[in-house]
Each structure stands twice: as C-alpha cells, then as structure tokens.
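Noted in TrEMBL for the protein shown:
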DOMAIN    7-47  domain 'F-box'
REGION    221-241  region 'Disordered'
Amino acid sequence: MEGPPHLPPELWVLAFSYLSTEEKHTVRSCSRHLKKLADHPALWKDYTVVLSELRRYTYGFWHTLCHRKLTRVAVRHLRRKEWRRLVKFLPSLTAIVFMDGGRQYKEKYLDNLSRFPYLRELGVRNATWDEALLGRGLTQQLRERLTHLSVCNVRLPSTVEFILTVSELVNLRFLLFHQQGEGYGLDTVRPVPRSDFHRLLVNLKKLRHLSWGMKGEPPEPLPDDYFSPQDPNQPGPSSYGGPALTSLELVDYPETLLPENALRSLTSLRSLSVRYRYIRDGVDCRLKTWLSSLQQLESLTIIGGNSLATYTTLIPPSVTRLTLRVAITLKDMDSIAPKVPGLEHLDIEQNRSSGSLCRRIPMLFPQLRTLRIRFFRREPEKDLLSLQKLRHLVQLELLVERSFILRDYLNGHPWPSPGVQELINELRELSENRITVITAMRQRSLLRECDCLWEGD
C-alpha cells in the first residue's frame, strides 16, 4: 500500500483542521507519519479533554496530551493522588472545569489549583460544598491570575460569602454564576442582595461578560439600580461605577424580577441574551424599554418569554446577530426585517406555525452570512433550495430536536434522512459549493456553556 502523498507538513495540518475529533483519531491510526501530523499542537489549541479516574491512563496517553500541548481539561471527582498526577503530567494547564462531582466537598478540595502556575480559567458544575468553594489562601493566589470563572448548579453554604470572595478576583473578564441554593434543604433561592452585587460590579472593573442566574424571585421587584452601582469616587444619581460590560446574559429570568429601567446604565453593552423562566399575564414586557435604551446592541438572543409581536418593532437597527427561541410566524419575520437591515447571522426555529420560512428569508434578510434553523416535528422541505438566493450565505446549520433523531433512527431513518441529504446536495450544487451545510450540533464549550445554556444532548 502506498503511503500518503509527499506534501509539506503545513498542508497536512491545514487539511486535518477541517476534521472532527473522531476523524483525527481515525487518521492518526493509519500510520506513524499521520499520527505525528494529527497530533500537531495547532490542531488541538482550543480542545478540552475530559478526564476521569486518572489511574487508568498510561504514560503513553499522558505523552500524547503533552505532545499536543493541551492546556484545557474537564475533570470529574479527583482523589488526592489524582490531583498530584494531573499536576505532574499537565503542569501547564490554563483552564480546568470540575464537573459532576456527585458528592459533598470541603474548602480544601480545590487548593491543588494553586499548583498550576498558568491557570486562568476555572469552571465548577453540579456539586455541593459544605464549606467555602474558594478558601482565603486559594483566593489570594488566584486573585490576579483568574480571568474566567464559571459556577453553575453548585450548592454553597453561603451565596453572599461566595460573591464577596469573587469580588476579590480583580482581573476577571468572564463571570458565569447560576446559583442553586444554600445548605441541604429545598429552600427558596433569593437574588444576591443589591449591596453585595454592587460591590462585585464595582470591584471587577475588567469584567466584560456576565452570565447571571435570576432563578430567585423576591416579594418585590429588584430596585432600578440593581445593575447600576454608583461610582464611589463620584457619588451621584447618574454616576456609574461598574464595569464596561459588553455582554450580559440573564438566565432563568422571570418577567417580574427586574424593572423597566434596569439596564439603562449599561451603555457599553453590545450583546444581550435573555432566557426566560416564565411570564405572567398582566405584566408589561420589560424588553420593550430595555431595547429602546440599547441602540448600540449588535447581538440579541431571546429564549422563551412574550410573543414576538410585543417587541419586534423595537429591536435596534444595529443588531447584526439575532437568535430567537420562540414561536415565530411569517408575520413576525415581516415585522423584524425592516428593523435589522444589516442582519448577518440568524438563528431560529421552524415549527408548524412558521409557514414557508426558507422561501421568505432571502427576500427579508439578503445580507445573511450564517443561518441556523432548528426543525421541530418536521423535516426541511423543497423550499430549502430557496436559500441559494442568499448571495452572502457561507454557512447553513440544519438541526432537529433530539427526540426526532432518536425516533427516526430507531426506525432506520438517521439524520439527515436520504430526502434531506438529497436537498442538501442540490443546494450545494446550486450555490457552487459556496454554502457549507452542517447537520450536527457543534462541539460544546465546557467552560462557557453549562447545562443551563447548552442546547445539545
């Protein structure tokens, strides 16, 4: 059998960069030469490897990870010796996600993090802490090193104490906190008190992205200035002392929690995402007021909530990226289109009430570069071919709900089905292969996408 063509290694690495992780592993098993090329560090730069039961890994496995210069790992429960093994074999880690611990932990459990001198990003998921998550000593060592912190579905002894600790991590640029509760009971989750939240915002001057869980609901709405701490050096009703946030994400948001003027001070905001928990009849949609004061917004994501007709006419014309996880009709699309003439990225759901969206999209949003459609209870139809009229479109994602895939796969009809694949092939031909069509969910970012945010399996 002849070996692979003699091409410069750079070309092989470029070609392999288009392969999935599984395909790279298949290629590296073909020959020693391809194995070396497939393990090139450039191909694994942002890859996160998931590890568990570290005792079962061989020296060869650790050597491969080191050769790839992997710096990001996700780990499940680690024993003391396993922490030492991780430090020994991967001392240059920059990101660690601790997930699905499945037990109760003490303050000292994460002290081993201080032994990773290059650690910048930390995530904690689905666990219970009897004591402080970040102890005083560890906090001092990570104070100026951590730039990303992500904590979701973690039961803490005191949420307020945790927030005060996070306030000391002065170089944070990314903060995700979706609180679960305190202690062991099924207590009602309450929002972080205004004074403690303000201290957090005032101290974290470099913060740019905030993903904040809003599961708790107090008897009264939060105050108007909840997201608007005063500048301690220039006190006054109009002074703002918080960070210059460019991205805000509200998760599990009940419509009654924040007032109409809650976001008025966030003039630097470029991206807003609201994931509704529920809405109540008789309560005005806050989005109407929020959007009218965010005329610089470039990205808007709405998951659930009020009907689109409530706020479509107020979407800022500066928006170039729009994600809607709500029931959508052709009438809604007709209302949105004139408001966002420069829209380049659209992510929507196709349901029974949507009508022939694919036929209308090229006329309504001619500047689209990427389009993502999630289909519910039905497959794409012939009108999918109308998308070739989008002259700037380079990427099209066609996804279906997981139950649809499982049901049809068990009946011998995998996704995409032969009929859909035929449409995809025809669309590629009509667009002269300009459009890349994706039918599988992209790889999950374990640090930035917790279970609250991930839409995959």
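Backbone N, Cα and C define each Cβ position, glycine as well.
Unlike curated entries, TrEMBL annotations are predicted automatically.
When pLDDT values are averaged over the domain 'F-box' (7-47), the model yields 88.
Taking H, G and I as helix, E and B as strand and the rest as coil, DSSP gives the domain 'F-box' (7-47) the counts 27 helix, 0 strand, 14 coil. Residue counts of the region 'Disordered' (221-241) by helix, strand and coil are 0 helix, 0 strand, 21 coil (DSSP-based).
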